[in-house]
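Quick look at what TrEMBL lists:
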type	residues	note
TRANSMEM	52-72	transmembrane segment
TRANSMEM	84-103	transmembrane segment
DOMAIN	143-278	domain 'Palmitoyltransferase DHHC'
TRANSMEM	191-212	transmembrane segment
TRANSMEM	238-260	transmembrane segment
REGION	284-305	region 'Disordered'
COMPBIAS	292-305	compositional bias 'Basic residues'
Amino acid sequence: MRSSGNASAGMWLFWGTDSCTTRQRGAGAVTSSRSDPLVSKMAAVRCRRDPCGFICLVLTYFSVFYADYVVIEYVLIPAYSGSVWSSMHGTVFNIILLLLLACHSKAVFSDPGMVPLPDTAIDFSDLRSQSSRKNERGCEGWTVCSRCETYRPPRAHHCRVCQRCIRRMDHHCPWINNCVGELNQKYFIQFLFYTGLASLYSIALVVSAWVWRIRHEREDSGEQDKDPSEAPSKHLIVAHYIILLVESVLFGVFVMVIFYDQLLSIITDENPIEQMKNRLMKDRAASSQHTTHTHTHSHTTHTRKPKLALLREVFGRGSVLCWLFPLHSSPPSLGGISYSALPDYDV
């Protein structure tokens, strides 16, 4: 059992001399100087701890490989055999799937931005007496997590599945069996983008192959009665077409809705948890008319930044073309304190 310290020690651990400088750089993305071995082990442990997430991972990879199998075996080879279009469509479709799997793997195994745990437990019994000192330090956005028994930076929230606080947590996604947070939101959005693109591509290929098959059957309608053994394979092909179409439509619509929601949360600089809190505050303010003006202005949490700057916080400051690839940039470090990979806000 960890030894206990007082709240002042905990505040010094996270708020030291450079804490306010860190707060100006990003969303309170400072971590302790010690390495956190739990972060590297969370991805493997989480699969055993969340059966729903493990099932969603298996379903995701099965759906991807099934779509690739149907497109190549029952769409491209029969409809485009002997044509350069078969090789071209097969290459493009598999490149999209490879990027999809790469982005998905990065989103699964990357650290979403876990707040590190202190070496010693912190006693929060004198927390209320520290409130004035906290305000004097200018770190008003820092809060206390009673489950992690630690201080957490602004806009960090506790995930009940991961059992850790996540910086700028958006939500816990079972499809990646991980939280979507400050450090892996880019990979999650890329995964959504390529899933939607693969779904649209497979729909177009299946529809074109189905049209080709109907025309081919009309031309060879006289030979249909001569080869009755062709009927079962024909039914099998149609069944694969229908299953792939249903899969593509369901996944395509689902990921496009989430993709739009993710981009909207980035542009508005407000994640779903903050949106829910602001709505509750607005409802409470509306119920008490004499405090409406006060509540509305007191819950404006952060300054609005340019949209391009907000997008660059997530996707990086490189070329826009680099936003399409799951590239990683190492976060800078200074004085034993690790900072977020978030760049400066100026553009």
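Cβ atoms here come from the backbone N, Cα and C positions, even for glycine.
Residue counts for the domain 'Palmitoyltransferase DHHC' (143-278) under DSSP, helix first, then strand, then coil, are 83 helix, 20 strand, 33 coil. Computed over the domain 'Palmitoyltransferase DHHC' (143-278), the whole-number mean pLDDT of the model equals 87.
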